[in-house]
Amino acid sequence: IPSVSNIVPESCLLIVVGLLVGGLIKGVGEKPPILKSNIFFLFLLPPIILDAGYFLPLRQFTENLGTILIFAVVGTLWNAFFLGGLMYAVCQLGGPGLNHIGLLANLLFGSIISAVDPVAVLAVFEEIHINELLHILVFGESLLNDAVTVVLYHLFEEFANFEQVTIIDIILGFLSFFVVSLGGVFVGVIYGVIAAFTSRFTSHIRVIEPLFVFLYSYMAYLSAELFHLSGIMALIASGVVMRPYVEANISHKSHTTIKYFLKMWSSVSETLIFIFLGVSTVAGHHYWNWTFVISTLLFCLIARVLGVLVLTWFINKFRIVKLTPKDQFIIAYGGLRGAIAFSLCYLLDYKHFGMRDMFLTAIITVIFFTVFVQGMTIRPLVDLLAVKKKQETKRSINEEIHTQFLDHLLTGIEDICGHYGHHHWKDKLNRFNKKYVKKCLIAGERSKEPQLIAFYHKMEMKQAIELVESGGIGKIPSAVSTVSIQNINPKTLPVERILPALSKDKEEEIRKILRNNLQKTRQRLRSYNRHTLVADPYEEAWNQMLLRRQKARQLEQKMNNYLTVPAHKLDSPTMSRARIGSDPLAYEPKADSENLPIITIDPASPQSPESMDLMNEEPKGCGGLPPSPEEDEEGLVMRVKEPSSPGTDDVFTPGTGDSPSNQRMLRCLSDPGPRPEPEEGEPFIPKGQ
């Protein structure tokens, strides 16, 4: 029913189905099954995380890794301690039913419910098609905060059994965070490398290739959980590390199998998790306390909003692409809770935590509120705020080439500047990967010969074999290409060849080859340092020439601006000359009008008085010839300056008027002199003008 799924997210509908099924089982008189934590953590959660890790958009993830880590680590710690501290205060003020709950129990509760749930985020965010940046920020946070949640959960669980907690215990707990997170990543990397190495030798048994991907990933998760490390971090690391090498070794059919099996497996797990949440809500033991439940819900929302606002203010100081208020709202609103919190709470021991039922009730209330209320309203809010949606179309090869070109360009700029930034280290890693790692983990010639050339040889050979089988040519020399075959015997081919349409799989394979084998950056042979560069003997002369040209341009620009001031007053000589030239009958020329100068105009910029050739400005009567009556009437004669011959520099080449006296005249005439200050109350344009 598309109309329902457009309004209500799939996760909400599945919880409703679970509630109905649970109610039906209870109505019949049977005991409904409860989502046990072992089943959840060992069987239902790994497929969802492996699907997310294996197909993680690595470029967006690495570019925003700093932001994601700040939200995942600092944000989760803030939520846990803020919520735990306030809930302890509520318990102390809340009456006899809550007084017995201590500080450690509240901090444990805060650590359980503070983490954003990857399953709930995936279920909602994939339906609203939010843009890649917001999706990777919220989803990346939900993946990486697992390490913080695991550490805090086990820490407070252990501290609850201690009689006294010392400073050494707190320091060890802080260090255990690094052990849990980095240990999980290390385990994942090891299994990822083993999976990639194993796939080198599976070319003769293609059927079992997908099995190794699932097997080694699951072993990474179990190995991490065995030592209380972060299993989610191990799964993500193994998926990210193994994917490029495994896909280079396995066949295209195996790749398709892995893709669709993972999607199906994660979808089934997600469905079961939400249905079991609904069933467990009906089946479980609940203890409802209004004060505790409402306070939990309220403080969860406040902590999330405050955390996002403060952290984003700090992050935006370092980000090039700033997070806008709309982005901040979606990040805060997208902090959904889910089944991980429920399962962690279900694992608590009744002996040490007698208030477990009340914790479970509060957690289920928060899960239902975030999934139903926030999950249902986030789509209309995204439309209302006009938040950028995800680009549905696949990027073209042209876009990918330009993206890679810009990466190479930025790497070169960083090298020249001596700045070791993101692109520099990425380039170093790519070089190390190509030089050493690929030779060990990728089979055959694929690690040496560009895959595009190998694919071309393969297609050419296939075409030649098909041509031989069709009986066109008896024997073909091995060195002859397909083009030369067609030139030898063109009669064998039909007049109109219908090119076969490429299948989607073949097109995807070609696209992948092109993407992986675009032009790599050239190996840098010399290291340049701006302090050791040899001085250029001509550099000083060039600098002088550039400075003179720049001064000439500035002078011209200044005179252009000078022309934009309001018109001169009535008694200015320029206006008089202009009026005499335009209408000589209306204005009688002055007695000394025959001494008016001649001004020649440069055709390059006729509007600019700077370009007037003032060296030719001489009285007409001084040349030895009497002025003609036509010139007398015109008043001011303008002659076009002859353009300079090509190849000459108009700054360096001296003109006819470059004598010292003419240069002094130029300076005098180009300086307009001090302007009289207009008196107060005097209008800007005089009356009568």
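Numbering starts at 1 and runs along the chain as it is shown here.
Cβ atoms here come from the backbone N, Cα and C positions, even for glycine.
Just so you know, TrEMBL annotations never went through curation; they're auto-generated.
TrEMBL tags one of the stretches 504-531, 616-643 as coiled coil, and that stretch is 504-531. Taken together, the residues in the domain 'Sodium/hydrogen exchanger regulatory region' (480-564) have a mean pLDDT of 64 on the 0 to 100 scale. Sequence-distant residue pairs (6 or more apart) of the transmembrane segment (6-25) and the transmembrane segment (103-124) include at least 3 whose Cβ atoms are under 8 Å, placing the two stretches in contact. Spatially, the transmembrane segment (168-198) is not adjacent to the transmembrane segment (103-124); fewer than three Cβ-Cβ distances between them are under 8 Å for residues at least 6 apart in sequence. In terms of C-beta pairs under 8 Å, the stretch of 37-56, 262-284, 290-316, 328-347, 359-382 lying closest in packing to the transmembrane segment (103-124) is 328-347. Between the transmembrane segment (68-91) and the transmembrane segment (262-284), fewer than three CB pairs separated by 6 or more residues in sequence fall under 8 Å, so the two stretches do not touch.
Three or more CB pairs closer than 8 A are found between the transmembrane segment (328-347) and the transmembrane segment (262-284), so contact between the two stretches is assigned (pairs 6 or more residues apart). Here the transmembrane segment (37-56) sits apart from the transmembrane segment (290-316); fewer than 3 CB pairs are under 8 Å, leaving out pairs fewer than 6 apart in sequence. Packing against the transmembrane segment (262-284) from elsewhere in the chain are residues 11, 14-23, 25-26, 31-35, 40, 43-45, 47-48, 50-52, 54-55, 119, 122-123, 338-339, 342, 357, 360, 364, 367-368: each is 6 or more residues past its ends and has a CB under 8 Å from a CB in it.
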